[in-house]
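Lifted from TrEMBL, the feature list:
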- 468-478: compositional bias 'Acidic residues' (COMPBIAS)
- 23-448: domain 'Major facilitator superfamily (MFS) profile' (DOMAIN)
- 228-248: region 'Disordered' (REGION)
- 453-542: region 'Disordered' (REGION)
- 21-40: transmembrane segment (TRANSMEM)
- 63-84: transmembrane segment (TRANSMEM)
- 91-110: transmembrane segment (TRANSMEM)
- 116-137: transmembrane segment (TRANSMEM)
- 181-202: transmembrane segment (TRANSMEM)
- 266-291: transmembrane segment (TRANSMEM)
- 303-325: transmembrane segment (TRANSMEM)
- 332-353: transmembrane segment (TRANSMEM)
- 359-378: transmembrane segment (TRANSMEM)
- 390-412: transmembrane segment (TRANSMEM)
- 424-448: transmembrane segment (TRANSMEM)
Amino acid sequence: MGRPDPEEGQLPAPVKPPDGGWGWIVLLGCFVITGFSYAFPKAVSVYFKELMKDFHVGYSDTAWISSIMLAMLYGTGPVCSIMVNQFGCRPVMLIGGLLASAGMILASFTTNIIELYLTAGVLTGLGMALNFQPSLIMLGTYFDKRRPLANGLAAAGSPVFLSSLSPLGQVLLEKFGWRGGFLIMGGLLLNCCTCGAVMRPLDMGMKRKMGKAQDKYEAKEMLPIGGKSEEGISTTDGTKKGKKAKKKPKKGKKLLDFSIFSNRGFIIYTISKFILVLGLFVPPILLVNYAKDTGVPDTEAAFLLSIIGFIDIFARPACGMVAGLKWVRPHVAYLFSFSMLFNGLTDICSARASNYTGLVIFCVFFGISYGMVGALQFEVLMAIVGSQKFSSAIGLVLLIEAFAVLIGPPSAGRLVDALKNYEVIFYLAGSEVVLSALFLGVASYCCLNRGKKEPPPESNPTAGAGSDTEEAESDVQEAEEHSSNNHQPAHSTDSAVVVGSEEANHVAEEQRGEGGGCPAGDGEVLARDGCNADQMVERDSF
């Protein structure tokens with residue numbers, strides 16, 4: 001009469017993010033994928049001078065390789081969302097790793113710049129996009145309470161890989177030439193397939209356990225003690241198969257869920273993110289040339305980017321830890337707004353820096369604020385839309401950001417050519433980032449907080465669960481529907497055997513409310529029907 005074992009008759013609890021365990025392996029895979037996705041397009045730039053010599057093209061022509069990679073990473077977001085919703089994260093990531101590797105390997109055999117655009121640009125960019133988005137989705141599936149920290153650690157892959165791939169690319173270029181370097185880089189990208197292989201669906205094993213326990217649970221309650229167990233189990237198996245066939249259309253998932261546009265928080269986030277991307281990437285792109293124009297030597301000017309990367313490595317995990325605090329996490333959108341404001345003011349205040357010391361100070365503060373933005377951007381989106389709709393939300397957000405990426409940095413370059421003044425560009429970029437911060441903070445306060453309705457009381461509230469709690473409730477409701485459809489009477493020769501559970505009592509109360517009542521009869525037992533345990537005891541006493 002102790003606690004019932006899940007295998008012996010108690011239905012397992014709904015699947016919840018483990019916040020650890022295999023999730024740390026998923027986090028490691030996401031760290032590697034994020035590093036390749038963001039750092040690889042920048043690291044390829046070390047080969048540009050050799051490509052200019054071999055193909056007799058200009059710098060702007062070779063720069064299109066990195067631009068096409070980033071455009072594919074952002075612009076193919078909806079395509080990735082559709083594929084993930086249709087096939088799952090792991091198959092999409094395996095295909096993406098193969099495409100990314102194949103693109104760089106084929107690029108090592110190209111004979112003109114157009115072929116490089118199609119292989120290293122389109123094919124590799126598409127492969128990295130098919131890895132990047134599913135890895136973030138899986139991270140949100142495995143982590144809930146520790147999700148801000150997990151996002152911060154995964155985002156740290158970008159500066160770590162940038163500081164590693166660029167020197168590695170230079171070494172490969174000196175020893176093997178650009179063709180050998182591309183070939184070896186293609187081999188490195190096969191690690192994306194390894195990362196995709198560890199992205200095990202969280203509910204796969206749990207669904208099997210639930211099915212097993214549920215079969216035994218139903219068989220024990222529906223059968224008399226010691227008789228016709230095999231016949232009953234086969235009956236339950238048949239019922240289960242029929243029910244699966246019936247429920248398949250119900251569980252059909254939308255390829256791309258546009259209903260998220262009815263979420264005001266998502267609209268506010270998307271608009272602010274578009275304005276942010278217009279100016280966020282401009283300072284690091286123009287920083288080296290800006291330093292050279294102020295008289296800084298080439299080696300010291302290049303070292304400025306290393307300072308930003310080094311600070312960024314520590315800023316992202318630290319910001320993730322802060323965002324995960326109990327009193328900070330409910331207000332993570334305002335922390336994200338503060339980080340954008342910090343970044344924009346850094347750009348504006350450093351616009352008039354005229355010496356190397358001033359530029360170093362700018363790089364320190366820019367690295368901190370840039371790391372904060374990188375650690376929080378996807379955490380805020382997950383908190384707004386929930387893990388169930390995150391796959392569609394991130395695809396649509398990345399598509400909108402793609403337009404900003406194609407508008408912001410190229411426009412800044414044209415302004416530099418026209419005005420011959422970097423100071424104006426830094427003011428403009430900083431103003432755009434500050435505007436996005438103010439819009440997010442003010443709109444979130446005015447449109448969301450004032451219109452927020454008090455949530456209904458929950459019996460088992462989970463701190464910081466957000467939309468994951470709603471998913472757990474829907475799973476419980478589905479389990480109750482599953483159990484209510486399987487009610488069948490069974491006859492016992494001795495006495496009634498009742499295995500109590502919360503689901504059974506809940507269904508019993510609902511059926512009594514509908515006027516179902518309890519059927520009369522000696523020794524008649526109903527599995528999870530309208531009779532609760534007290535009524536059974538009272539009936540047997542007669």
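Each residue, glycine too, has its Cβ placed from N, Cα and C.
A TrEMBL annotation is a machine prediction, not a hand-curated record.
Source: prediction; values computed, not measured.
For the transmembrane segment (424-448), the list of distant contacts is 264-265, 268-269, 271-276, 278-280, 282-283, 286, 290, 333-334, 336-341, 343-348, 350-351, 408, 412, 415-416: same-chain residues at least six beyond its ends, Cβ to Cβ under 8 Å.
Stretch with the largest number of CB pairs closer than 8 A to the transmembrane segment (332-353), among 21-40, 63-84, 266-291, 390-412: 266-291.
Below 8 A, the CB atoms of the transmembrane segment (181-202) and the transmembrane segment (266-291) form no more than two pairs separated by six or more positions in the chain, fewer than 3 in all. Segment contact holds for the transmembrane segment (21-40) and the transmembrane segment (116-137), given three or more CB pairs below 8 angstroms at sequence separation of 6 or more. For the transmembrane segment (91-110), same-chain residues at least 6 beyond its ends with a Cβ under 8 Å from one of its own Cβ atoms are 33, 36, 80, 83-84, 116, 119-131, 134-135, 179-180, 182-183, 185-187, 189-197, 199.
Relative to the transmembrane segment (303-325), the listed stretch 266-291 leads the set 63-84, 116-137, 266-291 in CB pairs under 8 A.
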